[in-house]
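**Q** Attaching a single structure in structure tokens format; questions to follow.
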Amino acid sequence: MRTVFSFLKPYKLSAFVALCLMLVELAVELLLPFFLGKMIDDGVLNSDMNNIIMWGSIMIGLALLSFISGVTNSFYASHVSWGFAHDIRERLFRKIQEFSFANLNRYPTSRLMTLFTNDVRQIQNTIFMSLRIMVKAPLICIGGVVMAFIVNPRLAVIFLITVPLLVGFLLWVLKKASKMFDRVQKSIDYVNRVMQENLAGMRLIKAFFRRNHEEKRFTNANINLRDNTRKTFRFIEASMPVLLFVMNLSIIAILWIGNTQSIAGTTEVGDVVAIVNYAMRVAMAISMFSFIIMAFSRTKASAERISEVLVEEIDLLDSDDAVIKQTVKNGKIEFQNVSFQYPTSDGPVLYNISFTVNPGEKLAIIGATGSGKSSLFQLIPRLYDVTNGEIFIDDKPISSYKLETLRKSIGYVPQSPLLFSGPIIENISWGKDNATQEEILKAARDAQIHETIMDLPEQYQTQIGQKGVNLSGGQKQRISIARALIRKPKILMLDDSTSALDLATEARLLQAIQEDLNTMLIITQKVSTAMNADKILLLDNGIILNIGTHDELLQQSELYQLIVESQFGKEYPNVH
Ligand SMILES: Nc1ncnc2c1ncn2[C@@H]1O[C@H](COP(=O)(O)OP(=O)(O)OP(=O)(O)O)[C@@H](O)[C@H]1O
């Protein structure tokens, strides 16, 4: 909670001004019944027009002052709340950018999305309302009781019984409601998650005709949200009549005792009117309490969720001994007895991996699905850290490089290409800050996508995504390869990124990129791709079975022979 509200610091002055203006409104609200009592006693009951005009004018003046304070308070309250929301969204976004894959695994995307929308907005609204009215309500209760005692202590004594009763009851409601709102928030998360998965997987859902299944999943999530929200709001709404009942009883008691005392001549009529007026204002303020409880309970839940992300420890950072100026010059990669286990998995997915790729060499990694190929790739740019062993680049441990330097020298093309909405040109130049037109064209040509782009209606300016063209799998792969090539990486890593290309296009692509590159690692299922590499690494269940050239593996590995036979039959192909 404290972490989140520390974001209010830059707005301290504005919040202070807003609170002062709110106090002016409060003072007016508390003084009006007092002056009303005076007007009745000195003016109305004595038929004294001068007193009526005097007290009336004072009341109008005060009302005007309250109006001006209210408008100005609104201005400052929105400055504080919008500024706070902007700053915290900015900080959250930066924090999530720092997250490692392991950090990200702990937070589903839907939950992070809810933070930015629902949770931040919730706190923002509460801050605004606090500065406008929510802080005022308890102060009206306290001030109303104090003023009632000033006007007539014998009548006001009734408040001493009712107010502590109400405060105790409210604290109990607040505690219970806070837990209930936590549940509501989780239900919102779940609805968001189902929605997000559904929209992302719409094509698959249609292809599998799983509409009914998905509808049922959404309906269940939606029912859960409805029931949790309804239960919470009902609970809070049910507390309202209790509060008002107690307050109305005290008004009746004031009228009854006041009437008796005024007949006996011990109390002025104006005092009774003033105290009833205070009791009504206190009742009105208390009627706002259910709203305040809802807002604070939700805000507490939201603030805790945001704090959790803000204080999350980043588990993959620059090492203390990272050398600032050290850069990757040649692209030599060496694995020494590397084992790796995901933070969430039961056992290692890679065991004792050792191999070397010399600068300029091309290494193909081949192996069954789930054998650990992508996991091995992710260790090189330190998306995850190794569990045991060490990886060296240019004979230096990868931890001795700054993360930024290391990752900038690697062109990583993941298994499923991800393109951003926007023109094609931006998707390619995304790989390098201030990329020139020439660099973009060269990368696109090398990735064998230039011709295809030129055939599109708006060529490089063609929008990708909902309003633009939807590209084929192979076209997307080639754009994401162009995005990696534009960095002129010392090490290029293609994670099955040419799977959707026909053999001729793939061969042209690999030929084109080889000219510029130092080192290349390519995960592939195709023997035709692997056999042209300098070395092939055959991975099976996280273990290196063999490493060598195509010919060596054909002679040494039965598994490799089987893979080759499954793709080419008994006619083993030769290296080009
Ligand atoms: N984020 C993760 N958390 C936990 N386990 C994971 C994670 N990603 C992959 N694994 C597990 O690690 C093992 C190796 O997966 P990996 O993706 O490296 O295989 P792969 O050879 O690249 O497979 P494919 O060819 O299907 O992409 C699998 O058993 C997989 O279930």
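Positions of Cβ are set from backbone N, Cα and C atoms, glycine also.
Annotation comment: TrEMBL describes 16-298 as domain 'ABC transmembrane type-1'. Annotation source TrEMBL lists domain 'ABC transporter' at 333-566. Annotation comment: TrEMBL describes 12-32, 52-76, 131-150, 156-174, 235-258, 278-296 as transmembrane segment.
Each of the listed features needs to be described in terms of its position in the shown structure.
**A** If you look at the transmembrane segment (156-174), the same-chain residues 6 or more away from its ends with a CB under 8 A from one of its CBs are 141, 145, 148-149, 235-236, 239, 242-243, 246-247, 249-250, 253-254, 257, 275, 279, 282, 286, 289, 293, 296-297.
Long-range contacts of the transmembrane segment (235-258) within the same chain: residues 154-155, 158-159, 161-162, 165-166, 169-170, 173, 176-177, 180, 267, 271-272, 275-276, 279-280, 282-283, 286-287, 289-290, 293-294, each at least 6 residues beyond the stretch ends and with a Cβ under 8 Å from a Cβ of the stretch.
Long-range contacts of the transmembrane segment (278-296) within the same chain, counting only residues at least 6 positions beyond its ends with a Cβ under 8 Å from a Cβ of the stretch, are 29-30, 33, 122, 125-126, 129, 133-134, 136-138, 140-141, 144-145, 147-148, 151, 159, 163, 166, 170, 173-174, 177-178, 181, 233, 236-237, 239-240, 243-244, 247-248, 250-251, 254.
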**Q** Could you please provide the mean pLDDT value for the domain 'ABC transporter' (333-566)?
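**A** Looking only at the domain 'ABC transporter' (333-566), pLDDT averages out to 85.
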